[in-house]
Amino acid sequence: MLTKFETKSNRVKGLSFHSKRPWILASLHSGVIQLWDYRMGTLIDRFDEHDGPVRGVHFHQTQPLFVSGGDDYKIKVWNYKTHRCLFTLLGHLDYIRTVQFHHEYPWIVSASDDQTIRLWNWQSRTCISVLTGHNHYVMCASFHPKEDLVVSASLDQTVRVWDIGALRKKTVSPADDILRLSQMNTDLFGGADAVVKYVLEGHDRGVNWAAFHPTLPLIVSGADDRQVKLWRMNETKAWEVDTLRGHMNNVSCVMFHAKQDIIVSNSEDKSIRVWDVTKRTGIQTFRREHDRFWILAAHPEMNLLAAGHDSGMLVFKLERERPAFAVSGESLFYCKDRFLRFYEFSTQREMQVIPIRRPGSTSLNQSARTLSYSPTENAVLICSDVDGGSYELYVIPKDSIGRGDSLQEAKRGLGTSAIFIARNRFAVLDKSNNQVLAKNLKNEVVKKSGLPIPTDTIFYAGTGNLLCRSEDRVVIFDLQQRLVLGDLQTPFVKYVVWSNDMETVALLSKHAIIIASKKLVHQCTLHETIRVKSGAWDENGVFIYTTLNHIKYCLPNGDSGIIRTLDVPIYITKVSGNTIFCLDRDGKNKDIVIDATEYIFKLSLLRKRYDHVMSMIRNSQLCGQAMIAYLQQKGFPEVALHFVKDERTRFNLALESGNIQIAVASAKEIDEKDHWYRLGVEALRQGNAGIVEYAYQRTKNFERLSFLYLITGNMDKLSKMLKIAEVKNDVMGQFHNALYLGDVQERVKILENAGHLPLAYVTASVHGLQDVAERLAVELGDNVPSLPEGKVPSLLIPPSPVICGGDWPLLRVMKGIFEGGLDSVGRGDVDEEEEEEGVEGDWGEELEMVDADGLQNGDVTAILEDGEEAEGNDEDGGWDLEDLDLPPEVDTPRVSVNSRSAVFVAPTPGMPVSQIWIQRSSLAAEHAAAGNFDTAMRLLSRQLGIRNFAPLRSMFLDLHAGSHSYLCAFTSAPVVSLAVEWGWNESASPNVRRPPALVFNFSQLEEKLKAGYKATTGGKFKEALQLFLSILYTIPLIVVESRREVDEVKELIIIVKEYVLGLKMEVSRRDIKDNPVRQQELAAYFTHCNLQMPHLRLALLNAMTVCYKAKNLATAANFARRLLETNPTNENQAKTARQVLQAAERNMTDATQLNYDFRNPFVICGATYVPIYRGQEDVSCPYCSSRFVPSQEGQLCAVCDLAVIGADASGLLCSPSQIR
């Protein structure tokens, strides 16, 4: 029994599957009807208008309706789309037991404890017939799937079959008048619409259920006499065929299985039983501990059953439907209907190979589970669950493929799984002894080998290798050398799919896909909410897989997406190009053509195959929000730009990719202030003054415009801005513009007009405008401000701009990967020569240089090499150049363009010093100093397992700032950054670069250590803790010269770690108020940290005092003894210790039990502060080497707060001498 879904709820009395969607209705004893999605395992809806238990429920086959009947005598018809009850049918006088829609007519049949069965028309909402005849509760009633019959079961110990043919004739309009007349007569004089056809008597107690066979003239019934009876009927009579005995209590429900010759019944004896119809014997029993079963339901189209019990319901399958198959090159071997079959992908030819079915089996799940094929020997291994797990080995005669008749005896053996591991060897798992038996094709054991982990299944992993699976991990095991080649923690793996080159493997579990290398190095994990079913690799290294309802893809970096949806689950056998070959649940081969554009496009981006990306953009119909978001997320906004029509999105993408032209076009379309402002910011960043000006003009941002004109030295426009400010009467704006222009008279005039005469006077007199100053002095009279004595005034003159007018020169314009290629997208096809030229542009080989005279970018014709012609021949037109009579080419020696050229060629920039620093260095400090924080963090992660970089942030910044100096050449020029090198002197060669000067060194740490000791002695624990922690934070970024110093650094880590651990325990001890036992423990553990002698004495004194006060005299005496052994120099300490010893000797007992045994050596867990005694398992921090209990593995170290406990790390690297 394969349980697919289970719920916990009140007692379930009615169940119904939806015919198309993965839904099931469950009606409960509490009056609620639940609608579940059994595929997702979620409750979709609940309907609770019934009063009291709801015993019957049923979905309509085509309409969005379901019907329910309950103990409130009501039948309700609901629309599940609108979530409401449409109407209620009243008429029954007692509890309603079952309700069912007719598969064709608008009818509902209902059975009730009022001893009647009623037929209703749900369209006219009336009762069309009442079937009377039973003389006790009618427990169930249902329509025949094909004929006009109803079967009912009652506690009067009978099953009745009713003929409702007359009712159908009556509802379907008669064709001729005579029939219509006879029908009117029937109506007038009363005629039976439904008559009893048979009464089946044979049960000794009340019958709870009866059901028709979907195709054969059979009925099955179950009753309180604990029996299941099988009945047969023909046109005239019905008779009992057989009785199935086995249930120990009332049989509550029974039905035929639509796909197999079996009967399924359930009972109040807490079991579901499966019976063979032909042999009339029990095949299997499924039991529950405490829950009686009440109802069964079968899916109308799929191989699913559901059963309701006292505390919920379960949806299950009786047998697996996955065909066993194995792919070998272009062919597929698979099992179907007792035959091994063969299918060729290239020709799509399929045929029977050999019959493989054993004699009729006595239980379910006997079909082939896995299949393994050896192509050279043409041998097949088939594993199944027969006899608790066994295999069969068939060697197929070469000529028999296609004949399918040669019956041969298989070689059999026991073993839960068997696979070929070499040409003529196969491995069988012996689970009980956890070993693998290697056998040859004669089925003889050649070799036995124990397995490294408790294994429940083995898979193929290359010649001679096995992939062993346990509950939570898989390992690859080499049988020859008995070595573990790889190990990976995984969820429970169900299937394993190797790529064609055996380099990558996909491990499929129920809800996840793990992709790993052939040595089981983890690459990515994908999680699915819906069950994963199968998968295969395509030739590009993309994993294509199916869930219950989708075909999806997974790229090597873990990105996934949907290719298409599925109606029914399929099992992928092979992916070839854009065709997926698969098997369905009936074992039929299918091929599905898919559109692979999306994932091939993403793969090309991932692999940087930009030529592919280009051609796909030109030719395919890729688009959609998801694709744009993907490109943006992956850092290709310039590509996303070509998919987007929406102007706002285009604008954002253009800004992100720095494409100013497109951004301007979009901003014009949108024309909003915010967009113009953002465009201005980006254009300013690029130094494109023209567009900055345009953006500011559109938003009338006069202050910014004035400042722009100042820095670009555009004095004419600045004077215009001054006039605009005058017109707008903006005094502040006028003053600013006058200041920017350096126009003193104008400034004085503005101040005077604004009434600021003292300011106007000061300005005039400072700038030497004496006549104006005198005139203002007269106006001011006595209020003339005094100027400071003995100071030389300096004039406010605006700085001269570096470059006047035009855009800022961009020394080196690298074209984006896609720009050149994408600009031609709109122009239709590009001919080959143009294509060739375009490629060069795509890869940014040519640099657009700037003329020495400061011409605008792009105005300079490229320096053409010999043999290349300028595009377009009319360029010479305006220059009036004449052809020169030149001597033959031989005589003119070629001069390199750069040596002497009329056009200035900018020098190629050298490599920045910071880049030289990191080229050969593996020291994190040097990478941080160079500003390469990313690689510095990666190095620390690899060397010391550090994951938390927050405490190191300020140190990274200090290192970077400390190894660079900055020069300001003149006001408007950018600041020049200079690298500060360690040990530099003037005689050093300019080409040899020294390592960076670092702000942290080892002597600083020694000073901090002394300060930490001092604070500890003074009892300032929190201050000491900060000092010790700052040492731990600085050590990863220290660089020392010699090996001896390296050892000292490592020693310092251990010293500081002991103090940090001890002080953290002491600080937390002081915070504990209400737990004296824990206080004593922490004080005791503190004495076991490796401290300096004065501190150890203080710790012992402290522990002794705490324990003595808490009446733990024996423990206190131990501390006193240890204290005296250290020969304390302070007489008071010694005296106290002796007194404690004397007091304890009178009464050597402990009032409370502590988790502390000083006789047994231990270390202290840095997170939980509990002792880890010698011999117990522990894990350590790769950086500070603190020890922890195993449950802390994977957490951040609580001592250093930097590294991950138990992480793999190569060790501290702090000196170039370690690398040499």
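Cβ atoms are placed via backbone N, Cα and C, with glycine included.
Those TrEMBL annotations? Automatic predictions, nothing curated.
A quick note: this is a predicted structure, and the numbers were derived from the prediction, not measured.
Residues or ranges marked as domain 'COPA/B second beta-propeller' by TrEMBL: 340-584. Residues or ranges marked as domain 'COPA/B TPR' in TrEMBL: 614-772. Annotation comment: TrEMBL describes 815-1220 as domain 'Coatomer alpha subunit C-terminal'. Sequence annotations record features per position, and here TrEMBL assigns repeat 'WD' to 47-88, 89-130, 131-164, 200-241, 244-285.
Same-chain neighbours of the repeat 'WD' (89-130): 14, 53, 55-61, 65, 67-71, 73-77, 136-143, 145, 150, 152, 154, 162, 164, 167-168, 171, 193-194, counting only residues six or more beyond its ends whose CB sits under 8 Å from a CB of the stretch. Per-residue confidence over the repeat 'WD' (89-130) averages 93 (mean pLDDT, predicted model).
Here the repeat 'WD' (131-164) is broken down by DSSP into helix, strand and coil counts: 0 helix, 20 strand, 14 coil.
According to DSSP, the repeat 'WD' (89-130) comprises 0 helix, 25 strand, 17 coil. Look at the repeat 'WD' (47-88): DSSP puts its residues at 0 helix, 24 strand, 18 coil.
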